[in-house]
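Here's the structure we're looking at; comments come further down.
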Amino acid sequence: MNKPFNCIGIVGHPRHPTALATHEMLYHWLTEKGYSVLIEQQIARELNLKDAPTGSLADIGQQADLAVVVGGDGNMLGAARVLSRYDIKVIGVNRGNLGFLTDLDPDHAQQQLSDVLDGHYLSEQRFMLEAHVCRTNQPDSISTAINEVVLHPGKVAHMIEFEVYIDDRFAFSQRSDGLIIATPTGSTAYSLSAGGPILTPSLEAIALVPMFPHTLSARPLVINSSSTIRLKFSCITNDLEISCDSQIALPVQEGEEVLIRRSEHHLNLIHPKNYSYFNTLSSKLGWSKKLF
């Protein structure tokens, strides 16, 4: 029987010895099982794996069939922005805190991953956002996000006055500390903390969630994922930024606008066969258990 995966990439930015131990275990275990393994360069250096085939995230995206990301959701988000450009499936081993995107338990990773490598897994596509800071006489600054794009002050907190246009039609104006534009994947992250709705991953929707608005009538808004969102500013006298997944910041200057739309790329995320989104919500958010 043909294997669904032949070349496997090992990805992550370990901050703890336990995460490094998981990387090392996976490398030796996958190699012993006969898989071609490509390990991210930084991990190979930290583990002193001198003879291991190494590569960048882009190399792994181009050459591997499956990327195993070891770490927390932050590691997954950073890897996803690169790996989403390639035809590669991605799965995560949780060495972080909540682990909404990293399903595999590190204590049982071998058995769970063995089932996945045999073809027993669930697959889904998570769409991403693309953010542009639109400049008059210069190229746009562009980045992508799998969780959210956030409009926020720079170094000093201050009120922001802006208008929101959806599909080039005026939707609303707002005075607030900022605005969170979240995907369904990001609806359980920063957006949730700000009072935004939880969107199941299969929804083709985007949530717009105000941050500390100056009026009680400002409420979260859910729109179609095909919509284009444009932010216009009355006057920028203080630092202003948009951030993507809290990892990449793009400054916004006077006279510039922000455009946010669905990216042409998506993350091919896979899960163990017994994965349940609602079980994940229940366990991560501490929801009540079944009564009967």
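Heads up, the Cβ atoms here are built off N, Cα and C, so glycines get one too.
These figures come from a predicted structure and were not determined experimentally.
Here is what Swiss-Prot says about this protein:
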ACT_SITE  Asp73  active site, proton acceptor
BINDING   Asp73, Gly74, Asn147, Glu148, His158, Arg175, Asp177, Thr188, Ala189, Tyr190, Ser191, Leu192, Ser193, Gln247  NAD(+) binding site
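Within the same chain, no residue at least 6 positions away in sequence has its Cβ under 8 Å from that of Ser193 (NAD(+) binding site). Considering other CB atoms within 10 Å as the measure, the emptiest surroundings among the binding-site residues Asn147, Ser191 are those of Ser191. You'll find the Cα of Ala189 (NAD(+) binding site) roughly 10 Å from the Cα of Asp73 (active site, proton acceptor).
Straight-line distance linking the Cα atoms of Asp177 (NAD(+) binding site) and Asp73 (active site, proton acceptor), rounded to a whole number, equals 25 Å.
Remark: the residue listed as 'active site, proton acceptor' has Gly96, Asn97, Leu98, Gly99, Phe100, Leu101, Thr102, Ala189 as non-local neighbours, by Cβ distance under 8 Å and separation of at least 6 in sequence.
Burial estimate for the binding-site residues (His158, Asp177, Ala189): highest at Ala189, by number of other CB atoms within 10 Å. Mapped onto three states, the DSSP output places Ser191 (NAD(+) binding site) in helix.
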